[in-house]
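Asker: Annotations for this protein, taken from Swiss-Prot, read as follows:
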type	residues	note
REGION	1-26	region 'Membrane attachment'
MOD_RES	Ser16	phosphoserine
LIPID	Cys22	S-palmitoyl cysteine
LIPID	Cys24	S-palmitoyl cysteine
DOMAIN	38-179	domain 'SLD'
REGION	39-96	region 'Regulatory/phosphorylation domain'
MOD_RES	Ser50	phosphoserine
MOD_RES	Ser62	phosphoserine
MOD_RES	Ser73	phosphoserine
COILED	75-179	coiled coil
MOD_RES	Ser80	phosphoserine
MOD_RES	Ser97	phosphoserine
Amino acid sequence: MAKTAMAYKEKMKELSMLSLICSCFYPEPRNINIYTYDDMEVKQINKRASGQAFELILKPPSPISEAPRTLASPKKKDLSLEEIQKKLEAAEGRRKSQEAQVLKQLAEKREHEREVLQKALEENNNFSKMAEEKLILKMEQIKENREANLAAIIERLQEKERHAAEVRRNKELQVELSG
């Protein structure tokens, strides 16, 4: 059973889907390396993992076949001056219409570029304002912290000065009392 399944898998790898379907209808084996059409023959030269190569053989034309037909171009009718003038006016109208369309597209493109530039400028201005506001706020906070630190230092110095004055007074009192 396993051998049959392996053989079936190998056959499936070798056959194309079209060959597989055809083998259901035509059980006799066919040469899958040669395909013939009305006026050409295709031979498979080699089959590799990287791709396939084919040889295309064109059959010579048979003497029975009809002579090649040449398509006759429609006869040009003589154009009157009015028809020529109408065609020229229509062409001029098309040219002007195309020019107007190109100008409209350019105007739309410039408008879009202007809008994008305006938006970028607004965003830049907003960013600058926000950065400036943050900087001012930070500077104010630093100033307040500095003033608070200075006030604390001054308070400590005054406290030390008061303590030193009290120590001196106590020493003087001690000297007076003992002396």
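Positions of Cβ are set from backbone N, Cα and C atoms, glycine also.
In terms of burial and nearby residues, how do these features look in this structure?
Answerer: In the domain 'SLD' (38-179), helix, strand and coil residues by DSSP number 98 helix, 15 strand, 29 coil.
Its own atom aside, the Cβ of Ser97 (phosphoserine) has 10 Cβ atoms within 10 angstroms in the protein chains shown.
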Asker: Quick check for the class: what is the C-alpha distance, in angstrom and rounded, between Ser50 (phosphoserine) and Ser97 (phosphoserine)?
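Answerer: Computed Cα spacing between Ser50 (phosphoserine) and Ser97 (phosphoserine) is 53 Å.
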Asker: How many Å separate the Cα atoms of Ser97 (phosphoserine) and Ser80 (phosphoserine)?
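Answerer: Here the two Cα atoms lie 26 Å apart.
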Asker: What same-chain residues, at least 6 away in sequence, bring their CB to under 8 Å of the CB of Ser80 (phosphoserine)?
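Answerer: The list for Ser80 (phosphoserine) is empty, so the answer is none.
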Asker: Neighbour count, 10 Å Cβ-Cβ cut-off, for Ser50 (phosphoserine): what number do you get?
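Answerer: Cβ-Cβ neighbours of Ser50 (phosphoserine) within 10 Å number 5.
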